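Engineer: Straight out of TrEMBL:
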- CYS50-CYS93: disulfide bond (DISULFID)
- CYS184-CYS193: disulfide bond (DISULFID)
- 22-270: domain 'Rhamnogalacturonase B N-terminal' (DOMAIN)
- 276-349: domain 'Rhamnogalacturonan lyase' (DOMAIN)
- 361-526: domain 'Rhamnogalacturonan lyase' (DOMAIN)
- 1-20: signal peptide (SIGNAL)
Amino acid sequence: MLSKAVLFLSLPFWAQVANAAFGITTTSSSYVIDANSPNPLKFTVNRSSCDITSINFYGSELQYQSTGSHIGSGLGSATVSATQNGDYIKVTCSTSTLTHYFVVHNGDPIIHMATYITAEPSIGELRFIARLDNSLLPNEEPFGDVSTTAGGTAIEGSDVFLVNGQTRSKFYSSQRFIDDQRHCVAGSALRVCMILSQYESSSGGPFHRDINSNNGGDYNSLYWYMNSGHVQTESYRMGLHGPYSMYFSRSGTPSTNIDTSFFANLGITGYVPASARGTVTGKASGADSAFTWVVHWYNDAAQYWTYTASDGSFTSPAMKPGTYTMVYYQGEYKVASTSVSVSAGSTTTKNISGSVTTGTTIFKIGEWDGQPTGFRNAANQLRMHPSDSRMASWGPLTYTVGSSSLTDFPMAIFKSANSPVTIKFTASSSQTGAATLRIGTTLSFAGGRPQATVNAFTGPVPSAPTNLNSRGVTRGAYRGLGEVYDVAIPAGTIVAGTNTITISVVSGSSGDEFLSPNFIFDCIELFQ
């Protein structure tokens, strides 16, 4: 007869790890949660700090052992409790201004979370960070090693590095909120993904982006940034952030379609069930159909958005009751704004219409889409530093209307690097009257804004834009407040024949090269 040990070793792996039961094991220092999932998940929460100190999935320990996974850089101390109610386990971690929840459903390899706040954390940002073993989970998805900084040399602050001749930063893992429903870290056998079902209590709108992952050497970080000061354009929202879900899988990439409606029955502070929400439906019209259209709703308490269908029709996500500003975007460029009220249990119909309006165009460089799309280095800027050797020369550049390519125009100009940019164009005698030079920007740094000259005419210095107090272009950001500047050009300034325009960065501040005052272009249009 075989010994019990030999019998155990002869069993397949799934049989060896299946001897588990859904539930909570309480020790003097921790709660151990067993999800009873087919691919076994068991994790440990410290009872005094709320740190996750162990994540064992499919027989592998995934948690970095020197530092836990937690809100911010750790709550330090919290009141921590764990309860089981049928097929659900809830761990509650409370401080004076924050309550964080871990929720597990029987049989699912998922740690669902939600975070309720009544004040912004003193660190100035609200995030969850999972610190995971990068020997088992070395890869970052979907953008790859652009944010893998392990072994690098810092070249800007403590967050931009040079690795094997390429610039890398955790900021280069970002994705627009409207497109970021899932981001992951993975290895050859396992994958952990953050699934984001909604952003209603975050800040920044549909096109905001923030750090998603970073293999920094000691561990691979998987984040959910609920808010931060990283090119933040709005005030922070209080209330419940989430649900958001950390999904553990083997080789497969999990679906983003996760039902968390059961939160309504778990006593989660601030959770608003579908029955207490309303929707907005309608049709958008007027913008250029060459671009995607987005409708966005926001107030002090919540934000929502959706892409429209090809015919402009839309239905909002389920929204908290209230009055909202409703914005219509051509790409990321605002073309209309109105107001709408939402009531619980009802659908409000609200149409919206708008378009880009200028005049009779003499020339246009780029498109009014709220992005630097097509300009030089725009295709690379999200995933590398401006100094990267893979970037094309920043100039100073000269763009000739009618013969230059769009890539001959820089996506950004920097006071100490490539200012000014020069535009040459030919005008007819009928175009020598008064005109407007409209300079669309997407983001400013250190007070950078455009001053234009047209032949012998020098335009005024605009007022300084709002200071977002955050590095942007060097950390893969391009979207700020989207200032648009109009330069009134007197009649007779433009001549029949060849004309020259220069656009320079002006600012009372200074800095070295790519940290000097700068701004990013959206579109430049001369019209009458």
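Including glycine, each Cβ sits where the backbone N, Cα and C put it.
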Engineer: Cβ-Cβ under 8 Å from CYS184 (disulfide bond), same chain, 6 or more residues apart: which ones?
Structural biologist: GLU140, GLU141, PRO142, ARG191, VAL192, CYS193, MET194, SER213, LEU222, THR253
Engineer: Counting only residues 6+ apart in the same chain, whose Cβ is under 8 Å from the Cβ of CYS50 (disulfide bond)?
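Structural biologist: Listed in sequence order, they are HIS70, ILE71, GLY74, LEU75, ALA78, VAL80, VAL91, CYS93, HIS100.
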Engineer: Report the member of CYS93, CYS193 (the disulfide-bonded residues) whose C-beta atom has the most other C-beta atoms within 10 angstroms.
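Structural biologist: The residue with the most neighbouring Cβ atoms within 10 Å is CYS93.
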Engineer: Given the model, what does the mean pLDDT over the domain 'Rhamnogalacturonan lyase' (276-349) come out as?
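Structural biologist: Mean pLDDT for the domain 'Rhamnogalacturonan lyase' (276-349): 99.
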Engineer: What is the three-state DSSP composition of the domain 'Rhamnogalacturonan lyase' (276-349), stated as helix, strand and coil residue counts?
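Structural biologist: Secondary-structure composition of the domain 'Rhamnogalacturonan lyase' (276-349): 1 helix, 45 strand, 28 coil.
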Engineer: With DSSP assignments reduced to helix, strand and coil, which class does CYS50 (disulfide bond) get?
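Structural biologist: In three-state terms, CYS50 (disulfide bond) counts as coil.
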